[in-house]
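Below is one structure; the comments refer to it alone.
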Amino acid sequence: MKASMFLALAGLVLLFVVCYASESEEKEFPRELISKIFAVDDFKGEERECKGFGKSCVPGKNECCSGYACNSRDKWCKVLLGK
């Protein structure tokens, strides 16, 4: 009887600890999200890598990687053939 009471009490304490931990993580989530948004803004000024096969592009801007060309009709990088 004593063992089952102790086990039930330990289970309730464990449940309380898990709920408290998950609730504190939820409170920090908006702060983490905002910091990640501002971290993404820091990278906007940097030069981006070239775009590979199937990535959207703007014709004439030379955004595609070497061996690919921006198709003016489909507006995505395709394999450059013949040139």
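Placed from the backbone N, Cα and C atoms, the Cβ positions cover glycine too.
Taken straight from Swiss-Prot:
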DISULFID  Cys50-Cys65  disulfide bond
DISULFID  Cys57-Cys70  disulfide bond
DISULFID  Cys64-Cys77  disulfide bond
MOD_RES   Leu81  leucine amide
SIGNAL    1-21  signal peptide
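For Cys77 (disulfide bond), the Cβ neighbour count at a 10 Å cut-off comes to 22, with all displayed protein chains included.
DSSP assigns Cys65 (disulfide bond) to coil in the three-state reduction, outside any helix or strand.
Distant neighbours of the signal peptide (1-21): none; no residue of the same chain at least 6 beyond its ends has a Cβ under 8 Å from one of its Cβ atoms.
A Cα-Cα distance of 5 Å separates Cys50 (disulfide bond) from Cys64 (disulfide bond). Neighbour density for Cys65 (disulfide bond): within 10 A of its CB lie 14 other CB atoms from the protein chains shown. The subset of disulfide-bonded residues (Cys64, Cys65, Cys77) lying with their Cα within 10 Å of the Cα of Cys57 (disulfide bond) consists of Cys64, Cys77, given in sequence order.
Straight-line distance linking the Cα atoms of Leu81 (leucine amide) and Cys65 (disulfide bond), rounded to a whole number, equals 14 Å.
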